[in-house]
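**Q** Pasting the relevant annotations from TrEMBL:
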- B:44-66: transmembrane segment (TRANSMEM)
- B:118-139: transmembrane segment (TRANSMEM)
- B:124-214: domain 'Nucleoside transporter/FeoB GTPase Gate' (DOMAIN)
- B:159-181: transmembrane segment (TRANSMEM)
- B:193-213: transmembrane segment (TRANSMEM)
- B:219-238: transmembrane segment (TRANSMEM)
- B:224-271: domain 'Ferrous iron transport protein B C-terminal' (DOMAIN)
- B:277-371: domain 'Nucleoside transporter/FeoB GTPase Gate' (DOMAIN)
- B:279-303: transmembrane segment (TRANSMEM)
- B:348-369: transmembrane segment (TRANSMEM)
- B:376-401: transmembrane segment (TRANSMEM)
Amino acid sequence: MNKNVSVFSLFIGLLGLATLASGLADILVWAGADPGFSIGILEIAGDDFFRWAWGGAIVAFGGLFMLAGLKNTDDLQQSATVLLGAAMVWIIAGTDIFARFCESVPAGEEAPEFFNSLSGFLAGFAPPYPPAILLLPFTLVVAYVLFTRRFDEAEPPSTADFPNRL
Amino acid sequence: MGLTADERWDIIDAITQRTVGTGTYRRTLGDALGDLTIQPLTGIPVALGVLYAFWSIFGSFAGSLVTDGFMVKLFDSSWLPWLQAAWPNPDSILYYLFVGDPAADNCFEAFGALTSGLFVAIGVVLPAVLIFYLMMTVLEDSGYLPRLAVLMDTVLHKIGLHGYAIVPAILGLGCNVPAVTATRILETRKQRFIMMSLLAIFIPCGAQLGVMLEVIPETVGLVMLYLIIGFGIFGFVLDRLIPGSNPEILIDVPPYRWPAWENVTRKLWSRTKGFLKEAVPFVLLGVLIVNVLYLTGVIAALADLFAPLFVTWFGVPKETVGPLVAGFLRKDLAVAQLSTIAMTPYQMITSVVLVSIYFPCVATFVVMLREGWRELLAAIAVLIAVVFIYGGLIHAIGILMGVA
Amino acid sequence: MKEQSNNTTTILMVGNPNVGKSALFNRLTGANAVVSNYPGTTVDYTAGTLIEDHRTYEIIDVPGTYSLKPRDAAEMVAVRMLDEHRDATVLVVLDATKIERGLYLALEVFERGIPCIVALNMTDAAHDKQIAVDAAGLQRILGVPVIATTAISGEGVKHLADMIRKAQAADISAIRSRLNGQEQNRRSMAGCGGCSGCGGCR
Ligand SMILES: Nc1nc2c(ncn2[C@@H]2O[C@H](COP(=O)(O)OP(=O)(O)OP(=O)(O)O)[C@@H](O)[C@H]2O)c(=O)[nH]1
Ligand SMILES: [Mg+2]
């Protein structure tokens with residue numbers, strides 16, 4: 001149990017650092033007027049304030065929250081802080097995926113038809129991805145662990161000490 | 001009447017002792033999250049995140065998916081050419097009123113009731129208000145709004161408002177009409193007056209936001225920034241000028257709840273129905289009236305009359321008078337019309353801000369009147385002062401930055 | 001509006017903000033009042049009708065208020081409605097998860113001697129929070145019908161509609177004496193049989 005917790009803490013710690021770093025990187029690429037940064041399937045376009053500076057700040061806060069909740073992860077308040085950090089990443093990843101979805105359903109301005117072809121639709125979801133989307137699976141793991149653990153704890157039926165007056 | 005407050009509380013104590021039993025309650029993860037969204041250190045970043053999600057989803061759905069993806073194509077390459085060909089006699093007055101410019105190749109520029117009017121109402125504003133109302137319903141039903149109110153309390157107190165003023169402000173982003181009545185939850189007349197004036201002046205409605213997103217996507221952020229700054233500055237000034245108190249009250253924060261699907265769809269439907277019934281006819285009527293005013297030369301006369309004010313004081317072309325007239329009927333229409341006038345990007349920002357602040361639309365005007373005519377008159381006085389001062393200020397900033 | 005045919009009773013829904021009055025109102029009348037999870041949703045009154053057992057009720061949803069001394073314009077509407085409809089029956093809505101503040105308002109309403117009925121709403125939320133409110137006991141003490149409801153699922157709403165006709169004025173001094181352990185008048189109330197011990201069915 002104890003060991004599990006510390007492995008989990010280590011995981012959150014690394015994830016928090018990665019998240020913080022990617023949030024800061026988003027902002028830096030935007031501020032540095034860099035034409036965009038990309039390696040492999042990771043890309044930080046950094047072309048607009050809203051997505052990269054504002055959105056990057058939210059990712060960075062997500063990382064900070066995860067780090068802040070690191071100590072004592074079996075404390076409820078601390079778990080909630082970690083979960084909140086994960087949720088910040090979901091905001092950015094979720095809206096990014098939704099934006100891709102909205103852009104790939106219609107065929108595009110030049111095409112004569114209204115709806116995109118299936119392959120065109122799927123191509124809209126092809127890499128490269130921004131860091132938030134790449135972090136998404138890891139944050140989901142964190143949420144999964146936190147939720148299942150809470151359920152374990154709530155198991156002893158609390159109706160026993162519940163004064164039945166009705 | 002008999003009892004004092006203390007006597008009542010005594011009775012209540014006795015009653016609850018006999019009828020209420022509390023078991024041991026374990027805090028859940030949800031409760032802990034709820035607390036985190038109120039504490040400033042975590043709450044403010046979360047609020048920024050919520051705002052981000054709101055705007056991003058709004059833009060993706062209304063902008064990319066519905067309007068740019070389908071409506072533009074539908075209206076510009078099918079509806080407009082068909083109507084231009086089918087409507088007889090391009091030189092007639094009816095053609096001018098309903099179809100507009102026979103040479104136009106898009107529905108923004110044609111400016112007939114059935115071209116621009118329909119396009120703005122159905123193609124641009126309907127998807128915008130739909131997604132807007134959906135997200136607002138989720139905010140309302142989840143219980144996030146009162147938490148935002150707690151977070152904003154300190155800031156809003158600086159401009160003479162209670163944190164709860166955030167509720168009418170956010171409702172106002174959907175539509176100013178219910179927002180004006182919602183100011184009733186503020187305690188003193190001073191607070192209500194400040195909020196009502198600021199609401200009518202600085203809060204753009206969802207319809208207007210939708211059009212702004214479509215016609216000036218790059219600068220809508222700056223427009224919003226100007227509006228928020230104006231809200232702060234004039235709130236601060238009004239707070240100093242208007243007598244009255246600004247009491248603290250406790251905000252009762254309800255627990256988070258999952259929005260019930262049934263309630264969400266019900267609200268979404270009734271609000272959308274309201275929009276279709278009330279706003280769409282107004283947009284079409286607005287186009288007709290403005291076209292008649294153009295035809296009869298009223299707008300040209302007004303433009304010449306106000307030219308000195310517009311050109312030298314606000315720094316915008318005199319043609320913007322036309323949209324300002326339309327703006328009295330519908331702000332969304334006014335912004336759409338502005339987008340067809342040739343001007344520099346900064347003039348565009350200035351004129352969009354002017355359209356937002358210069359006068360509430362008729363519907364808002366009517367509810368404000370219902371809340372009290374004295375307040376309405378005072379609000380108009382405030383409004384005129386604000387338009388002059390702020391319009392000039394924005395022009396001056398533009399000159400200083402070398403862009404105007 | 002007020003002078004309607006004799007068999008129409010006006011019911012005013014009174015309660016603290018955010019206790020589920022509008023949700024209950026929608027359930028009772030099938031109307032479309034706005035329901036949101038923050039206090040101060042309703043700022044004006046809405047009327048709807050309920051036909052139950054050949055009786056017609058005009059139900060009015062009013063803004064939530066903490067007491068009958070209004071602090072803001074919305075609460076003023078609530079108090080004004082009470083003053084305007086002197087012959088109305090009041091449906092007091094309580095939030096079972098925090099009944100104290102609701103009872104304060106309820107007592108103020110009782111003091112006016114108006115016929116009342118109490119809906120103990122949010123019983124599901126109370127259950128989740130491990131709070132148990134004894135509706136029958138409350139009914140015995142207050143001497144007016146108390147019905148447990150859950151407005152969002154509709155539980156208890158049918159019963160509530162059915163019981164509206166049994167609304168009656170509460171008597172503060174009787175409440176006090178019952179609280180002081182003088183339960184003698186309890187027996188006479190139980191004589192009714194049908195509705196677990198509220199006072200006189202007329
Ligand atoms: N869990 C639960 N939630 C409820 C119940 N009744 C209402 N709600 C929720 O409580 C919130 C408030 O409901 P409203 O009906 O708007 O409350 P109101 O009393 O009309 O509030 P004001 O108009 O502000 O005075 C909404 O989110 C409802 O969905 C209930 O019985 N159980
Ligand atoms: Mg209500």
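Placement of Cβ uses the backbone N, Cα and C atoms for every residue, glycine included.
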**Q** For the transmembrane segment (B:348-369), could you work out the same-chain residues 6 or more beyond its ends whose Cβ comes under 8 Å from its Cβ atoms?
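**A** Result: 176-177, 180-181, 196, 200-202, 204-205, 208, 212, 216, 219, 222-223, 226-227, 230, 278, 282, 314-316, 320, 323-324, 327-331, 334-335, 338-339, 341, 375-376, 379, 383, 386-387, 390-391, 394-395, 398, 404.
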**Q** At a C-beta cut-off of under 8 Å, are there same-chain residues at least 6 beyond the transmembrane segment (B:44-66) that contact it? List them, or none.
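**A** Cβ under 8 Å, 6 or more out: 36-37, 124, 127-128, 130-132, 135, 139, 144, 148, 151, 209-210, 213-214, 217.
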**Q** Please report, as numbers and ranges, the same-chain residues at least 6 past the borders of the transmembrane segment (B:279-303) whose CB is under 8 Å from any CB of it.
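**A** Residues packing against the transmembrane segment (B:279-303) from afar: 93, 96-97, 100, 111-114, 116-118, 120-122, 125, 129, 207, 310, 318-319, 321-322, 325-326, 329-330, 332-333, 337, 362-363.
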**Q** Where does the mean pLDDT land for the domain 'Nucleoside transporter/FeoB GTPase Gate' (B:124-214)?
**A** 90
**Q** Please count the residues of the domain 'Nucleoside transporter/FeoB GTPase Gate' (B:277-371) that DSSP assigns to helix (H, G, I), strand (E, B) and coil.
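**A** Computed counts for the domain 'Nucleoside transporter/FeoB GTPase Gate' (B:277-371) are 79 helix, 0 strand, 16 coil.
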